[in-house]
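Comments concern the structure below.
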């Protein structure tokens with residue numbers, strides 16, 4: 001290297017800062033060229049830190065160095081933190097709102113589950129208390145069904161209180177009557193559509209109350225849960241719903257539980273009769289639901305309120321003769337009206353109405369599966385009351401039968417695409433574990449190679 005080159009290099013490596021008036025401080029010596037790209041040399045700060053860093057990177061020959069890269073990188077980082085895109089902000093807000101709505105829906109569903117379970121347990125227990133002084137199950141069924149008339153007035157009151165759109169009760173009633181067809185409600189439609197469902201409704205509740213006279217509340221509520229299996233079997237046969245192996249298994253488990261429950265005290269006596277009555281109640285309930293789906297389809301909250309009130313009117317007009325016939329034939333005889341336990345009767349009717357309202361409102365406000373779980377939770381609720389208050393001792397066979405029926409009920413709650421979703425989840429989980437294992441192997445190999453280079457060793461791949 002010549003002396004001129006050494007001198008030039010020495011002058012190039014030595015510099016001093018001069019403050020020129022009216023201009024920002026720049027390096028003395030070689031004038032920086034005017035380049036119009038984003039890698040222009042940055043201006044020197046008061047202490048010259050930025051230009052010193054750039055000069056050190058250039059002198060040391062840093063690979064991929066561009067003048068001003070470090071300073072521009074810091075400036076871009078600060079700008080990216082200072083300016084947030086509007087789309088990203090709106091996307092985060094939408095995701096947060098969706099998550100909050102889901103959480104509120106789940107919390108509301110849990111509250112509805114507790115209310116549904118409590119109302120059904122309360123109905124069952126109050127019925128058994130009523131039987132101690134008034135053993136007339138059909139009269140209790142008829143009296144409680146009449147309270148369904150209040151369903152639509154309660155719905156209309158809530159509709160007026162929660163919406164700004166005001167409609168008269170007649171207009172709202174006609175709007176909700178579209179459940180029966182485009183022509184609305186007529187006497188022919190009233191008799192044709194309401195009569196079979198009202199009869200099935202009354203028969204279901206009457207058989208349920210008859211079973212409560214023979215068995216404990218826990219046994220009856222567990223056997224009633226078999227209606228879910230009967231709904232699946234009828235829907236598969238009548239409505240041609242999709243065949244699912246897991247639901248066939250659940251139906252078999254329900255039948256097994258029924259047989260075990262009947263076998264607990266032998267196939268004779270009140271126990272066997274009570275099991276038959278409870279299974280009959282579950283069967284008529286399943287038939288009611290399948291026929292409703294076949295002829296009326298799905299219904300919103302207003303249409304459900306209209307339908308329940310219509311059944312209440314039908315019960316009051318056409319079925320009122322049945323309690324009178326039972327009274328005069330001494331099948332269900334009671335004294336004067338003043339001697340009736342009106343407190344218990346109103347309690348049963350009110351709890352039954354609350355249960356029906358919660359079931360239909362809960363389907364609208366939350367997930368339908370939670371409503372089914374609320375019905376299932378009535379089994380342990382009744383069991384706790386039977387053990388603590390009535391001091392009932394359950395046999396091993398009855399406990400096993402109850403557990404089998406409840407497990408079958410839970411299997412029936414699985415969605416139709418549960419197998420596909422489960423396989424997809426397991427595949428995704430396996431792929432994620434494979435990727436993590438591959439990343440760990442890559443990191444370990446890179447770490448080993450860097451250590452070999454630091455020690456002066458060279459790894460030679462094997463042939």
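Glycine is no exception: its Cβ is also placed from the backbone N, Cα and C atoms.
Per TrEMBL, the feature region 'Disordered' maps to 71-92 (among others).
Per TrEMBL, compositional bias 'Basic and acidic residues' is recorded for 72-82.
Residues 217, 221, 347, 351, 354-355, 358-359, 361-362, 365-367, 370-371, 373-375, 377-378, 381-382, 385 of the same chain, all 6+ positions outside the transmembrane segment (103-122), place their C-beta atoms under 8 angstroms from a C-beta of that stretch. Here TrEMBL flags 103-122 (among others) as transmembrane segment.
For the transmembrane segment (134-156), the list of distant contacts is 127, 169, 172-173, 176, 198, 201-202, 205-206, 209-210, 212-213, 301-302, 304-306, 308-309, 311-313, 315-316, 319-320, 322-323, 326, 332-334, 340-341, 344-345, 348-350, 352-353, 356-357: same-chain residues at least six beyond its ends, Cβ to Cβ under 8 Å. Sequence annotations record features per position, and here TrEMBL assigns transmembrane segment to 134-156 (among others).
Per TrEMBL, transmembrane segment is recorded for 190-209 (among others).
The feature transmembrane segment is assigned by TrEMBL to 221-239 (among others). Tertiary neighbourhood of the transmembrane segment (221-239): same-chain residues 120-121, 124, 208, 211, 215, 247, 250-251, 253-255, 257-258, 261, 275, 278-279, 281-283, 285-287, 289-290, 293-294, 372, 375-376, 378-379, 382, 401-402, 405-406, 408-409, 412-413, selected by CB-CB distance under 8 Å and a gap of 6+ residues from either end.
Residues or ranges marked as transmembrane segment in TrEMBL: 245-264 (among others).
Residues or ranges marked as transmembrane segment by TrEMBL: 271-292 (among others).
Positions annotated as transmembrane segment by TrEMBL: 304-328 (among others). Long-range contacts of the transmembrane segment (304-328) within the same chain, counting only residues at least 6 positions beyond its ends with a Cβ under 8 Å from a Cβ of the stretch, are 136, 138-139, 142, 145-156, 173, 176-177, 179, 185, 190, 194-195, 197-198, 201-202, 296, 334, 356, 360.
Per TrEMBL, the feature transmembrane segment maps to 340-359 (among others).
Per TrEMBL, transmembrane segment is recorded for 365-385 (among others). Residues 105-106, 108-110, 112-118, 120-121, 124-125, 216-218, 221-222, 225, 228, 358-359, 394, 402, 406, 409-410, 413 of the same chain sit 6 or more residues outside the transmembrane segment (365-385) yet have a Cβ under 8 Å from a Cβ within it.
What TrEMBL lists as transmembrane segment is 392-414 (among others).
The region 'Disordered' annotation in TrEMBL covers 436-463 (among others).
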Check: How about the transmembrane segment (245-264) and the transmembrane segment (392-414): do they have 3 or more C-beta pairs under 8 A, pairs 6 or more apart in sequence?
Finding: yes
Other same-chain positions with a Cβ less than 8 Å from the transmembrane segment (340-359) and lying at least 6 residues past its termini are 112, 115-116, 119-120, 122-123, 126-127, 129-130, 133-134, 140, 143-144, 146-148, 150-151, 154, 205, 308, 334, 371, 374
